[in-house]
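The repeat 'PIR1/2/3 1' annotation in Swiss-Prot covers 64-82. Annotation source Swiss-Prot lists repeat 'PIR1/2/3 2' at 83-101. If you look up Swiss-Prot, you'll see 102-120 marked as repeat 'PIR1/2/3 3'. For 126-144, the entry in Swiss-Prot reads repeat 'PIR1/2/3 4'. According to Swiss-Prot, the repeat 'PIR1/2/3 5' annotation covers 145-163. Annotated repeat 'PIR1/2/3 6' per Swiss-Prot: 164-182, in sequence order. Taken from Swiss-Prot, the feature repeat 'PIR1/2/3 7' covers 183-201. For 202-220, the entry in Swiss-Prot reads repeat 'PIR1/2/3 8'. Positions annotated as signal peptide by Swiss-Prot, on the basis of similarity to another entry: 1-18. Annotation comment: Swiss-Prot describes Gln74, Gln93, Gln112, Gln136, Gln155, Gln174, Gln193, Gln212 as site 'Covalent attachment to cell wall glycan', evidence class similarity to another entry.
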Amino acid sequence: MQYKKSLVASALVTTSLAAYAPKDPWSTLTPSATYKGGITDYSSTFGIAVEPIATTASSKAKRAAAISQIGDGQIQATTKTTAAAVSQIGDGQIQATTKTKAAAVSQIGDGQIQATTKTTSAKTTAAAVSQIGDGQIQATTKTKAAAVSQIGDGQIQATTKTTAAAVSQIGDGQIQATTKTTAAAVSQIGDGQIQATTNTTVAPVSQITDGQIQATTLTSATIIPSPAPAPITNGTDPVTAETCKSSGTLEMNLKGGILTDGKGRIGSIVANRQFQFDGPPPQAGAIYAAGWSITPEGNLAIGDQDTFYQCLSGNFYNLYDEHIGTQCNAVHLQAIDLVNC
């Protein structure tokens, strides 16, 4: 697979020209193109699972991994997963693990979203991603089914080498997931970041006040019953995967092309090209804050693009809409219905 070889520095320079200033109408921060056949309104709450593009032709199961969110809104996911769900932490960031077989991405409190890498099959026993307080989303690596939680800053983190890991959310919105899990669920912390543990089989993740989402390691997984699919407001429902919803799981809503998390923060592509949740309004310098859709294939898209990149940051990955470095892998963010189990 061919990747774009752009430098982070050059990306920051070129994108800063159209960056969002706090007084600007952020709802107009949309890409110039739209995804053909994409759904811009979805009537049900849904999560996302990270599916590496190299393995999207593998299994198309009915149950996928949800991503959690931590408090800061960041979202992170694991790598080499089969079906890992990502959580969200408080800052809104989303992060996922690495070397998972199906890793879902979580969200932490600051709204950032991160997903795992090298995942194989999601949609059957997939992992949901959690959110931490800052909105970032992060996932672990080498998990087989790691769930990601959410911490207060919104970051989301998830594990790696997971088969079905759910990600939680922490307070900052970041999303992170664990690594080497088989089916770990991630919780949410206050900043929105989402983080998950490593070496877990199925570990549920909790949420801390900053929104970050973190999950334990060396846990085991359970089978999820199959409820009715979620309704949509236009077109044919493209979402064919589902996973159990738990505390801290990254929960998203799509209305009029605007993506929000469970705390009402805005899903955006920020100045460094990272996907996270902030605000409202989105953080200063944001590039896109609208123009989201679900593709006919069931993937999350921004504009006419449904390819995202999970880039290694320590023991987790952050999610970006562009290839920003050598340790980045192309992924799809698969939409999955969240059900009460």
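Using the three backbone atoms N, Cα and C, a Cβ is placed for every residue, glycine included.
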Structural state of Gln136 (site 'Covalent attachment to cell wall glycan'), classified by DSSP into three states: strand
Report, in whole Å, the straight Cα-to-Cα distance of Gln93 (site 'Covalent attachment to cell wall glycan') from Gln74 (site 'Covalent attachment to cell wall glycan'). 0
Can you give me the Cα-Cα distance between Gln93 (site 'Covalent attachment to cell wall glycan') and Gln136 (site 'Covalent attachment to cell wall glycan') in Å, rounded to a whole number? 1
